[in-house]
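Notes to accompany the following structure.
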Amino acid sequence: MLAIWVGKLVAWLLRLRGHDATSFPGKIALRFSPNLLRRFGRQLERVIIVTGTNGKTTTTSLLASMISQKENIITNHKGANLIQGIVSACLRESSWTGRIRAKTAVLEVDEATFPLIADSLPVVVIVVTNVFRDQLDRYGELDTTVEKLFSAIRKTQACLVLNGDDPLCRHLGLRASRKTFYYGMDRATAKVSARKQMRDGQFCLQCGHELSYEGFWYGQLGLYRCPACDFVRPHPEFLGTYRGHTLTLAEDLVPELELTLPVQGLYNAYNVLAAVSAARVLGLWADPIHAGLASYSPPAGRMQSFDVGVPVTLNLIKNPTGCDSVIETVTSDPRRKWVVIGINDLAADGRDVSWLWDADFEQLAEDEHVERIITSGLRAHDMALRLKYAGIDTNKIGVIEQMDDAMDKAVSEATAAQSAVYVLSTYTLLHPAVHTLSEKVRNDESQTLAYRTSVS
């Protein structure tokens, strides 16, 4: 009981000071009761876990939006995906006596954390979005991540919803020996890519032979097969056809579902497909799915838009494959644009920033609509050097180490030229950037209101 009181009091004090209270209350509560998550878990009827390298936060938020059309849920959709974040989400939906006000939880869980909590919760569905190389200093190589996910899955009786276009997810499904649903894109939309892109998981985990591909979507997601054994891309139970702003979901013996995408980019189409597939496995159909997409609001820093006189789009980058996908979205925008890239190397970002050399920043060099790129953060100079070697004109590259100053410069210059601004940042710069841009929006709205009042 004391742990509940302390945790809720800490959350109340944090919110009073304008903080989200998404993680710290759980951290404090766990000091008083290390088994608090298990106690919460005993009150829940079902838990849906979303894990994987990229897209966890967006997929969790989308799925939570759909399920919440039918019932009250617990969710950590803002991305606090460690144990303390999950406990904080439970505290938020509990009374002062610790009684939870929901029977269902939709939880984003960090890949390394998942094995630690898998047997503390009644997990019924596990969604794995993808497995890419990420923060080598924390997660290790890909096979280590796959083993962590498998060890967590083995502790549950849950069915799986897996990205069938990812050979590493396919390998997980084959090893798990349980009810598994695959989602994937229509093979007609795969492309033979001539670009230099990071291809993780290029070798068959069944026999070690190099995989053969007919085409790719991005990263190692594609039409794969092993020429040395029977390992092959599965036929997806949930098949998506991506057409820029829409996604068509096809299932056997079920009418097609035409979905309007609330987020940009192919990688986000995969996130929508993952969420909708999980919703279908849970028994939801058209109405709550459409309503969930319509009411969806992007989590902080996931293609989040701000109107500060010019349009600003903020997005997290943290590994080569995710970064490539974000850059592709930037370069597909035909508007003139300024780009701010903020790179830190704190613990939450990953100390090793060598991944910058694997990401395809060359895309920016080929985009004639990029007017200028400002690098920022603790590793601003490393990022500027990477851009130089990507073939970007050094006259287009600027270094402003303070992120706020970098964004101010970009917004000011873009306003004069009526250009768009894209801000790409690692994790520890992301939330300060959200705060700064939100303040700019509020200040602009206040000035507009003051002007209208004076005129009237």
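Keep in mind that glycine also has a Cβ here, set from the backbone N, Cα and C atoms.
Because the structure is a prediction, the values reported are computed rather than measured.
When other Cβ atoms within 10 Å of the Cβ of ASP352 (active site) are tallied across all protein chains shown, the result is 12. DSSP gives ASP352 (active site) a coil state; it is part of no helix or strand. Taken from TrEMBL, the feature active site applies to ASP352.
What TrEMBL records for CYS204, CYS207, CYS226, CYS229 is Zn(2+) binding site. Proximity of CYS207 (Zn(2+) binding site) to non-local residues of its own chain (separation of 6 or more, Cβ distance below 8 Å) is seen for CYS226, ALA228, CYS229, PHE231, given in sequence order. Secondary structure at CYS207 (Zn(2+) binding site), as computed by DSSP, is coil.
Marked as domain 'Mur ligase central' by TrEMBL: 50-195.
DSSP assigns CYS229 (Zn(2+) binding site) to coil in the three-state reduction, outside any helix or strand.
A simple way to gauge crowding: the CB of CYS204 (Zn(2+) binding site) has 21 other CB atoms within 10 angstroms, across all the protein chains here. Within 8 Å of the centroid defined by the CB atoms of CYS204, CYS207, CYS226, CYS229, the record's Zn(2+) site, lie the Cβ atoms of LEU205, GLN206, GLY208, HIS209, LEU211, PRO227, ALA228, ASP230, PHE231, excluding the listed residues themselves.
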